[in-house]
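Visitor: Please see the structure below; I have some questions.
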Amino acid sequence: MSKYQNKTTVQSRVSLQRNQYRILDASTRNRRLRQMLESLERDNFHEDPHANLVMHKKAPKFEDKNNKFGLSSGSTGRRYNLPRSRLLSLNALIEEDSKNPAPNYLSLNARSLGDKPPTANCAPNPHIPNIQTPVDAKLALFKDIRPAAEHHYLVIPKEHVPNVKYLNKNNIPLLEEMKSFALNYFSTNINNYDVNKLSIEKLPKRSFGVQLFGLLCLIGFVTFYLFLMGDLIHPICFKLGLPTNRSDLASLPYKCTNSNFPLQVTNNRSLTKRLPNCIIVGARKCGTRALLEFLDIHPQIRKVTDELHFFDDERKYNLGLDWYLEQMPLSLESDVVIEKTPAYFVTEYVPERIYAMNGSIKIILIVRDPVTRLISDYAQLASNRKAKKARNIESFEELIMLANGKINSNHKAIRISLYAIYFSRWIKIHVVDGDQFVYDPLSELQKIEDFLGLPSHINRDNFTYNTTKGFYCIRTEDNGQRCLNKNKGRKHPDIHPLVIQKLRRFYDPYNKYFYKLVGRKFAWPG
Ligand SMILES: Nc1ncnc2c1ncn2[C@@H]1O[C@H](COP(=O)(O)OS(=O)(=O)O)[C@@H](OP(=O)(O)O)[C@H]1O
């Protein structure tokens with residue numbers, strides 16, 4: 001073979017390889033694109049800004065044998081666990097439901113919270129550190145055992161203030177006293193301190209203060225932290241522990257009053273972390289966030305802000321109920337603690353896990369017109385993909401329809417709107433009309449107060465209509481409004497009427513069956 005021929009052969013081999021590479025590259029690119037879209041889709045299912053719960057670093061490891069709550073970590077495969085991959089035709093669904101009576105969770109190792117509420121650890125610490133200072137009749141001042149600065153002291157009132165959330169303007173004299181007590185100590189004992197570094201915080205659980213006053217079993221004393229040399233500076237009013245919706249703090253110190261708060265709780269010593277006695281399980285994109293925020297107006301409702309995904313996410317569930325409990329807000333025994341995670345409604349093994357935790361837990365489901373829900377889901381997906389600069393955003397039709405023009409009943413978003421197939425797994429469930437909730441939140445909220453056995457509290461004055469957003473928002477104390485963020489109430493894409501019609505036909509029988517199961521009609525077009 002001549003040198004020239006040899007060179008040509010090598011060249012053609014190179015170009016062949018290049019061609020092969022090109023082919024390979026294209027498929028790799030496709031694969032990557034697909035993976036990217038899939039991961040975007042996964043992301044999309046955690047879109048609520050409150051869904052990004054950071055896992056606690058010190059979360060206890062969960063092992064079945066050590067599980068003091070007696071939960072099993074897996075599904076027992078009961079009949080009410082409809083396999084996720086199987087979409088029953090309506091007739092098959094009705095037949096299956098009629099063959100099986102309502103699920104009975106009594107055989108689960110259920111425990112009621114009322115029996116023995118799990119409490120946070122309030123035992124006195126045997127290693128009480130050196131108290132450095134005067135302890136006057138009303139207040140105590142001592143050095144923090146884990147100082148965040150060279151001089152880091154705490155002032156704690158002996159009077160019981162369960163939590164910063166319970167402060168109101170009546171407590172201003174106490175706060176003033178705490179402040180001057182601290183300043184007095186510093187001016188006589190320490191040089192060179194900076195009064196701007198005085199702050200109020202919720203006392204962290206298991207901190208020295210809690211341990212020291214552990215006999216009183218109080219978590220969340222109001223404490224003054226003096227960070228004399230540290231960087232931790234924030235305004236004097238309540239950085240921690242006060243949900244923003246309840247804050248009307250502006251920058252004014254001590255302006256922590258909110259008429260919704262119970263003013264007198266000083267005799268109630270049972271403020272502690274409790275597992276939820278109510279869960280909003282779904283459905284996704286039906287108004288779960290607005291529902292939670294609006295319910296939180298009630299003084300006896302304590303919400304968990306983040307979507308915890310405890311029961312549907314194996315990683316979280318394996319951390320055990322100790323971890324779950326840790327995420328709960330402080331509450332009184334008479335309070336209702338509510339968590340919301342919309343993925344619970346459609347995840348087959350979740351009901352069993354929830355009822356194993358608490359057999360008498362109250363469940364809330366909010367639903368809306370299935371087609372609008374589906375479009376809302378798509379609007380979110382498209383917006384997330386756009387935000388992540390995805391090159392290929394499928395159209396709504398591409399996602400929900402098969403090439404033969406049929407509805408793609410395996411598409412997750414399509415299935416979430418098939419409320420009837422998930423509904424019968426739940427007991428003690430109250431259903432909220434999400435479409436009605438947009439126009440008249442109060443009537444739906446009042447029904448929930450009733451369902452939860454709470455005194456009626458939420459009223460018309462708690463809301464104000466935001467014409468720009470087209471939604472009700474919470475009226476704040478200064479007559480302003482607090483609305484949900486812009487992820488709620490996105491513009492929906494225009495969908496061809498024929499596609500809408502097809503979807504309506506697809507959902508109609510399932511909707512009718514759902515009405516029957518719930519015992520209530522919804523005004524969803526058929
Ligand atoms: N008061 C108020 N303010 C804002 N938004 C409201 C309100 N009430 C109900 N909704 C509807 O809530 C829809 C979002 O539902 P979710 O909060 O369940 O979404 S998520 O699953 O948590 O992502 C959201 O859906 P889209 O309009 O499709 O974005 C809203 O229609």
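Every residue gets a Cβ built from N, Cα and C, even glycine.
Annotations in TrEMBL come from automatic prediction, not curation.
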Visitor: TrEMBL records LYS285, CYS286, GLY287, THR288, ARG289, SER376, TYR472, LYS488, GLY489, ARG490, LYS491, HIS492 as 3'-phosphoadenylyl sulfate-binding residues. Which of ARG368, ARG482 is assigned to the same site?
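Guide: TrEMBL lists LYS285, CYS286, GLY287, THR288, ARG289, SER376, TYR472, LYS488, GLY489, ARG490, LYS491, HIS492 binding 3'-phosphoadenylyl sulfate, and from ARG368, ARG482 it also lists ARG368.
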Visitor: Please identify, among the recorded positions LYS285, CYS473, CYS483, the one with the smallest Cα-Cα distance to HIS492 (3'-phosphoadenylyl sulfate binding site).
Guide: LYS285
Visitor: Going by C-alpha distance, which of the recorded positions LYS285, ARG289, SER376, ARG490 is nearest to CYS473 (disulfide bond)?
Guide: ARG289
Visitor: Which site among LYS285, ARG289, ARG490, HIS492 has the most other CB atoms no more than 10 Å from its CB, taking these as recorded positions?
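Guide: Of LYS285, ARG289, ARG490, HIS492, the one with the most crowded Cβ is LYS285.
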Visitor: Among residues LYS285, CYS286, GLY287, THR288, ARG289, ARG368, SER376, TYR472, LYS488, GLY489, ARG490, LYS491, HIS492 annotated as binding 3'-phosphoadenylyl sulfate, what is the maximum Cα-Cα distance? Answer in Å.
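Guide: Greatest Cα-Cα span of the listed binding residues: 19 Å.
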Visitor: If I take the alpha carbons of ARG490 (3'-phosphoadenylyl sulfate binding site) and LYS285 (active site, for sulfotransferase activity), what is the distance between them in whole Å?
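Guide: That comes out at 11 Å between the alpha carbons.
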Visitor: Validating a neighbour-count step here. Other CB atoms within 10 A of the CB of LYS488 (3'-phosphoadenylyl sulfate binding site): how many?
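Guide: LYS488 (3'-phosphoadenylyl sulfate binding site): 19 neighbouring Cβ atoms within 10 Å.
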Visitor: Pop the Cα-Cα gap between LYS285 (active site, for sulfotransferase activity) and LYS488 (3'-phosphoadenylyl sulfate binding site) into the table, whole Å please.
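Guide: Cα-Cα, rounded: 9 Å.
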